Structure formats: C-alpha cells, structure tokens
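According to Swiss-Prot, the N6,N6,N6-trimethyllysine annotation covers K5. If you look up Swiss-Prot, you'll see N114, T164, K168, R286, H318, S370 marked as substrate binding site. If you look up Swiss-Prot, you'll see K166, H285 marked as active site, proton acceptor, on the strength of sequence analysis. Per Swiss-Prot, the feature N6-carboxylysine maps to K192. Taken from Swiss-Prot, the feature Mg(2+) binding site covers K192, D194, E195. For K325, the entry in Swiss-Prot reads site 'Transition state stabilizer', with the evidence type sequence analysis.
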Amino acid sequence: SVGFKAGVKEYKLTYYTPEYETKDTDILAAFRVTPQPGVPPEEAGAAVAAESSTGTWTTVWTDGLTSLDRYKGRCYHIEPVPGEADQYICYVAYPLDLFEEGSVTNMFTSIVGNVFGFKALRALRLEDLRIPPAYIKTFQGPPHGIQVERDKLNKYGRPLLGCTIKPKLGLSAKNYGRAVYECLRGGLDFTKDDENVNSQPFMRWRDRFLFCAEALYKAQAETGEIKGHYLNATAGTCEEMIKRAVFARELGVPIVMHDYLTGGFTANTSLAHYCRDNGLLLHIHRAMHAVIDRQKNHGIHFRVLAKALRMSGGDHIHSGTVVGKLEGERDITLGFVDLLRDDFIEKDRSRGIYFTQDWVSLPGVIPVASGGIHVWHMPALTEIFGDDSVLQFGGGTLGHPWGNAPGAVANRVALEACVKARNEGRDLAAEGNTIIREASKWSLELAAACEVWKEIKFEFAAVDTLDR
C-alpha cells in the first residue's frame, strides 16, 4: 500500500491556522480576497497561503520528503471588509526561508506569482506587506537616501523643485538641452527626462546626455546652485542600462533615472548598486503602476510597490500629488509617503497601513509629487509633503505664457513664499491663495502664472479609497 493518502483535499485543513502566533522573522501579507460564490473565506484564505508558498492542487508524495510545517505559508487571520458583501482581508504569514536574500524579484514571484490567476478567487489584491528586519538587512536599499542627497546638493529646509521636459517625445537633443538650461537657470533644482524618453530615432541617448550635461554646467555657473537633470538610463537590456549610467558618471552629472516597473526589479537593483558605488543619485519613475494598483479589488496596492522600491533601491520615487491630475487619496498617499521616508511606521488602518514596519537602517526615499500641478497648488503641496519631497511641474513650468525660464521663476517664487509663510507660523491650508497672491505682487512671472491657471482643477473622485 502507498504510504500517503492520494487525492485532493481542502486547503484549509493544512493552511488555515488561526491559532498561529506570528514570528518576528515572518513576512506578513494582507490580501483583499473576493472568493467565488460558494467558496468559504477560510478556504479562500488558505488557498492563497498555499498557492503562494508550498501548496499545489493535489497531495503529492514528495511532501513527505520535507517539513511542510516549517515551510508553509499560513493564513492566520480573516476579517470581513466593512461595506463589502463578499470581500475579506486575509492575513498570511510566510517563513523567511522561502525567500532568497536581497531579491525583490524572488519575493514577488512567490507572494504574487501564480496565486493571482487562481480559479477559486474572483479577485485578489495584495494590500500590504510587513518585511521583517532580518530580511531588510539583506538589501542595500536606496543608493544614498534623503540626508546624503541634501548634502550632495547643498539644499536644505525646503522641498526641491523639478520639471519634466515637454513635449516628451520629438525634440532634438539640442533643443531638449536648451529647455533644460532655461528651466534650471530660472530657479529649478532638477529637470527630468520623461519616462518614455530612452533612445529613439529623433534623439539618441548619448546626444541627449551630452547636451543636458552642457545645460547643467552652464546653469550651475550662472546661478551658483547645484543642478541636476534625471538622465533616463532605462534600456532594453541591463548591460545597455549600465552603459548609460557609466556615461552619465563620466560626464559628472549628479543623478540618473530608471523606470522600475517596466525595467524590472532585477535591473533596478543592479542600477541602484552601481549608483551607490559611483556616487550617482537615482530617480525612480513608476510607469505602469496603475495597471497593477488602480483597481480596488484586484492587483497590488502602491504602498507595496513603494516598499519594494525602498528595498530594491531608489532615492526619489513618484508618489502621486493628492491635488493634481493623477490618482491618489490624501490619507492613503500620506501613508505610503511615510513608508518611504521614515525609519519606523506604526500600523494605522485609517491610512491604509496594515502592519507596523521597521526599516532598521535602510535610507529613506524622497517622494515626488508630479502630474497636473501648478503654482496655485504650491501651498497645499508644501503642507502635505513637507520639506523632504520633490515637487515637479512639467506643464506648470513649460506652459508659462512667457516661456520656460519665467515658468521656473514663478514656481521658485511661489515655493519660497510658501516656505517663508510656513516658517512664520501661517496656516498654508487656510491662507494658501492669499500667500500666493501676495507673492505675485512682487513677481511678474508669478502673477502671469496665476492668471493662466486660476481656473484649472482636475476634480474626479479617487477610484482607490479607504474602506468606510
């Protein structure tokens, strides 16, 4: 007779363990589970734990060759989602041994691999992860972090200002460099390659890098401030990406850029290691994130992608604006902004934070607010994001009626006015418009910007909201 009982058995017999006490070394996950009709939540939660760890659809005799108790994921708690008929938050604990050290790629392949196509579930979303210090210690994390970046740039006590060069595609390298120069000369700290500017027929990467470096040095000489342009090193292969980063370093520029979701975590971590070894800051763009994170009942929440980026490595990451043209509810956004910047974050469900997270010694990441923002938003942005942020105005700089440099001047004047008002103890939320109006009296550039954008608002309800 065979030494094991063949056949299909319910997942919950093995993988649903409500009595389990989580360990300090476990990776904990909170999944929003929508089971198919007729599937009980315990079975659905156990199925998630099984399929994302050691389980398969039937009993196999090789299970007897290892200790499932030691290696299996466990669904240890289930709670119904308030206001939703058939959604549950299922908490799963994974033993640390299931994951390769220092590999975000491997962590995601396990936790959000096959399980998302699982038939017993109508939908599945990974809401949050608790990464234990034991695992965090296997990652280098951001190449430099917030304090080192401020020291490199010699800029303190205020948010940094950026601008994405538009039109994003179609400019020649020389005209592109000209726009970079004008913006930096006008008072911005950074300009930025758009995420889809890589190396296209109208502007090859090497030409762009050269003209942007020239613009950078010229603007630095004229303003006496350190300037940066995020040179997008994203490429079709890792080797090509590193080649571009090497060239950027040879030009002596301070910062490069990567599209971390389309480029992939393996490429991103390689680039982050190169950047730390060679003194380059690394700006991260999140192109493709909304494909993954925008639906409320399926996918991965951005706070998880943000945590993953902090582990993989990046000094800046785009994180929504709360006030512009792109998705982002205030409390949720501030929740993952804190996850990016702070060393220790308490569990706080009102901001979507399911677990207390201790980052031990991993440097912080600066959140970048970008997308449909302009001078009238400056008080709100200063109030919401605080000093450790980059505020990025693309159209809000280049769309100025007098041109790029005056657009940059308007933004810098508005920012300095808001920081000054805040430092004097004024309430930016209540007096924001007044502060901007006062400042525009002694800056014609700001007055012109105020006139152009006084009516623009992007008023749509957020799709991804807190559960009430």
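Placed from the backbone N, Cα and C atoms, the Cβ positions cover glycine too.
Location within the structure of each feature annotated in Swiss-Prot.
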residue: K5; record: N6,N6,N6-trimethyllysine; Cβ contacts under 8 Å, 6 or more apart: T59
residue: N114; record: substrate binding site; Cβ contacts under 8 Å, 6 or more apart: E51, S52
residue: T164; record: substrate binding site; Cβ contacts under 8 Å, 6 or more apart: T191, K192, D193, D194, S370, Q392, G394
residue: K168; record: substrate binding site; Cβ contacts under 8 Å, 6 or more apart: D194, N196, V197
residue: H285; record: active site, proton acceptor; Cβ contacts under 8 Å, 6 or more apart: E195, N232, M257, H258, D259, Y260, I317, H318
residue: R286; record: substrate binding site; Cβ contacts under 8 Å, 6 or more apart: D259, Y260, L261, F302, L305, L309, I317, H318, S319
| For the binding-site residues D194, E195, which Cβ has the most other Cβ atoms within 10 Å, all shown protein chains included? | E195
| request: Return the maximum Cα to Cα distance in Å (whole number) over the record's substrate-binding residues: N114, T164, K168, R286, H318, S370. | output: 37
| query | Given the recorded positions K166, K192, H318, and counting only Cβ atoms in the protein chains shown, which has the most within 10 Å of its Cβ? | reply | K192
| said: According to DSSP, does N114 (substrate binding site) sit in a helix, a strand, or coil? | reply: helix
| Reduced DSSP assignment, E195 (Mg(2+) binding site) | coil
| query | Cβ within 8 Å of the Mg(2+) site's Cβ centroid: which residues qualify beyond K192, D194, E195? | reply | T164, I165, K168, D193, N196, V197, Y230, N232, M257, H285
